[in-house]
Amino acid sequence: MSRKITTRRSAIHGNGMFAVAPIAKGERLIEYKGARRTHEQVDAGDSGDADSGHTFLFTLNDEYVIDANFDGNDARWINHSCNPNCEAVLEEDEGDDRRKDRVFIEAIRSIKPGEELSYNYGIRLEEKHTPELKKIWECRCGSPACTGTMLQPKSKKKQARQDARKAEALKADAQARSAAKKAAKSPGDAAAKTASARKQPSRQGASKQAPSKQAPSKPATKKNAATRKTADSKAATRKAATRKTAPAKTAPAKTATSRSATRKAR
């Protein structure tokens, strides 16, 4: 751990980490440490309780999670912010053992003494983001750009697909109601209208159909977050440890279950 940072109580939440000396942009500050556990082990346990709005879990890759509840260090106290001054960087090991991949916290801008360190947790929950769920994962970073929640917004494409399905359902329902009304009309009325139509010029009028109301789609911000840090939310700026020839790979997205929310490297 760098001597330029220390842990103390935070106005954001619980404990936090603060700069005690000037920190330069790009400076590596601390490694995020903890026990390596599989996603299955985490889901079966209780280390990432999504009902608490608190997690020390950090997605390492699509196989393993860093659980800072066990063997964790001070990096676990760094709080989330919608306008962070740090980022989590994934460094891949050159071997095949993915448990040896590591996560480091680095500064993305100059940080003055006294400033609290923060990064975007990138938490994702697959379930609907209800007001209650957003309250559980409430963000208190105080930034003008604060979204009010640590949860990563769903993608525009996914929201658009949901809106399209809703619009189609509304359209089909309107057509069904229209057809039912026509079928309910008596044969005498239909015959009278047909005779009248022969005497008068036909008027073709498009039946007015109530426009389907689509839920406004939230623009996905690249810097939002909350649950198992999965590489979906821009995945950490992965730097290959010693692999100089092959470019760093982004881990496949692993959407956290509602029970095991984890942080994620960007």
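Cβ coordinates come from backbone N, Cα and C, glycine included.
TrEMBL: automatically predicted annotations, no manual curation.
Keep in mind it's a predicted model, so treat the numbers as computed, not measured.
The compositional bias 'Basic and acidic residues' feature in TrEMBL is assigned to 160-171. Taken from TrEMBL, the feature compositional bias 'Low complexity' applies to 185-195, 218-228, 243-260. Among the features that TrEMBL reports, compositional bias 'Polar residues' is placed at 197-215. Residues or ranges marked as domain 'SET' by TrEMBL: 3-122. Marked as domain 'Post-SET' by TrEMBL: 135-151. As annotated by TrEMBL, region 'Disordered' applies to 148-266.
Confidence annotation: the domain 'SET' (3-122) carries a mean pLDDT of 92 in the model. In the domain 'Post-SET' (135-151), helix, strand and coil residues by DSSP number 2 helix, 3 strand, 12 coil.
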